[in-house]
Amino acid sequence: MASFGIWVLTIFLVFQSGYGFYLPGSYPHKYKVGDPLSVKVNSLTSIDTEMPFSYYSLPFCKPAEGVKDSAENLGELLMGDRIENSPYRFKMCTNETLIFLCQSGKLSADEFKLLKERIDEMYQVNLILDNLPAIRYTVKEGFVSRWTGYPIGVKFQDMYYVFNHLKFKVLVHKYEETNVVRVMGTGDAVDVFPSGGKGGSDVPGYMVVGFEDLKMYDKYPSEIKCDTTTVTVPIKEGEPIVFTYEVAFEESDIKWPSRWDAYLKMEGSKVHWFSILNSLMVITFLAGIVLVIFLRTVRRDLTRYEELDKEAQAQLNEELSGWKLVVGDVFRAPSHPALLCIMVGDGVQILGMGVVTILFAALGFMSPASRGTLITGMLFFYMILGIAAGYVAVRLWRTIGCGDHKGWASVAWKAACFFPGIAFLILTILNFLLWGSHSTGAIPFSLFVILLLLWFCISVPLTLVGGYFGAKAPHIEYPVRTNQIPREIPAQKYPSWLLVLGAGTLPFGTLFIELFFIMSSIWMGRVYYVFGFLLIVMVLLVVVCAEVSLVLTYMHLCVEDWKWWWKSFFASGSVAIYIFLYSVNYLIFDLKSLSGPVSATLYLGYSLFMVLAIMLATGTIGFLSSFWFVHYLFSSVKLD
């Protein structure tokens, strides 16, 4: 079949000329001229379906030695990555042209149909060289867009064409030191698709793009001429596809520590930074106003109360200070206390996992260069922090029960199973959908067993250990006694839960801009890397959630509504509702090309899983801050 010319920037091989590393855990490889360097393939991906498939599920050339999986960590498997070897092999600094890769067998009816489906669904091939993904560029009206991978093919005038001739440009950077190396590459593509490229790497030698097996990789018998503005012979059922490639090396000034810049500088980066800074300024200003108003109100109330005699205090209680009238009910046990303790314990575990993971990511330990480490780190920290979940849940349970040890083991056990159980149920349902679609995004059964073992052999025991320490720790003493008969709550002008649900708008305002970039990273295949800003946004979110919950709790107490426990939790936790609504909005307006009910179900299922975790984390912030406030408020004044 005639070839379809496409420039694919495969990778930058970049070699460091200094002694420092770009990221912790990453290091440059040393290559000499002529050293072999193999290209790997990852799963085929598409923003149209969000379901990855194996590269070799299509009739592509396979390595002569057979397909072999690369070493994968737990995070890569959970993300749907399936990195395998490929027949593309280069020799450092050795230009190759007219390389015949292989000829596929005659396309069967099923293979032909599958190829057309994958082209219609906008699937693309993802290549990896020296731990860097293939990248291509497109220039339109002076604006440069960067894309990882390249499309499988294109539909043109009701005919389907496959990109079967790849043209690689590999840029290498010559290094002066004898112990450091680096690689990077780039490429251009046909006008039909975004394309173009550059790359670089430092080495005394260069990147390699040659093939050892002459039987498989003989020279193509006739000259290959690619017209980058036209398509040629379409694929047809019953006919084979001939795959060829060529590669050229080029020296570059890009150094090893900067080799990921081409991936991180995705389109819209300036808007991203401006939006984040603007959001931080606005939220800091709003949080400051809320804090000032809150401190002035409470301090004035307490000061006026303490300066009056008992008769004046009684009058003030009736006229202004409704919160003092609920002194005998403010610490009355809430409804469903065990569930509240369990949710707060799980919230502490999720919040701790998020803070620690983002902190490590901001320091560079979980960068895009280390695939799967972010998910792996999250799982590790979540399991370890099970001890915190058990401790908080049981100690809060004993505090509500005024020091009673009875039932602490049950609370700790439920805390160990509540959120993981819901997550396991959601992921299992979604996994059946992925299994039915034969997607590599489906979690293998063996991995399910591993996750269950990690859950019951590490997380659950640590949660029970935390519960044991929580049972041994002294419970928090209430500063006031609780009356036997509950006080009647006066009729309210408006439903209190309406205010609680509306309170989530302010925390949502702290993260909705950052949420857009996170969603784009997850669903649009873009690289997310500004973990430093994410850490700042998370700190602001914690502050705003605490302030919103405190103010709302104070407002409820002022109108003699002493049922503040659950309301303080959902005042900040209601931000999850707005995040879910935003997710639906993102699905409708930003993922308009998402096709099929399976893809939409997967999206909504993962979104539900995400907002559940966010609700527990933010709700825990609000509850703990309100609990501290109520305890401090009623222990700061004398109440007869």
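Numbering starts at 1 and runs along the chain as displayed.
Note that Cβ sites are derived from N, Cα and C of the backbone, with glycine treated the same way.
Curation does not apply to TrEMBL; its annotations are automatic.
Now, the feature entries from TrEMBL:
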type	residues	note
SIGNAL	1-20	signal peptide
TRANSMEM	273-295	transmembrane segment
TRANSMEM	338-362	transmembrane segment
TRANSMEM	374-394	transmembrane segment
TRANSMEM	415-435	transmembrane segment
TRANSMEM	447-471	transmembrane segment
TRANSMEM	497-523	transmembrane segment
TRANSMEM	529-552	transmembrane segment
TRANSMEM	564-588	transmembrane segment
TRANSMEM	608-634	transmembrane segment
Interface present between the transmembrane segment (564-588) and the transmembrane segment (497-523) (three or more C-beta pairs under 8 A) | yes
With a Cβ cut-off under 8 Å, give me the same-chain residues at least six positions beyond the ends of the transmembrane segment (447-471) that come close to it.
-> 74, 77-78, 345, 379, 382-384, 386-395, 397-398, 405, 408-409, 411-413, 415-417, 420, 424, 431
Looking only at residues six or more beyond either end of the transmembrane segment (529-552), which have a C-beta under 8 A from one in the stretch?
-> 264, 272-273, 276, 279-280, 283-284, 286-287, 290-291, 293-294, 351, 354-355, 358-359, 361-362, 366-368, 499-500, 503-504, 506-507, 510-511, 514, 517-518, 567-569, 571-572, 575, 618, 621-623, 625-626, 629
Same-chain residues at least 6 beyond the ends of the transmembrane segment (564-588) whose Cβ lies under 8 Å from its Cβ atoms = 330, 334-335, 340, 343-344, 496-497, 500-505, 507-508, 512, 515-516, 519, 523, 545-546, 548-549, 552-553, 556-557, 594, 600, 603-604, 607-608, 610-612, 614-616, 618-623, 625-627, 630
Tertiary contacts of the transmembrane segment (374-394), as residues 6+ beyond its ends and Cβ separation under 8 Å | 73-76, 78-79, 341-342, 344-346, 348-350, 352-353, 356-357, 360-361, 365-366, 408, 411-412, 415-416, 454-455, 458-460, 462-471, 473
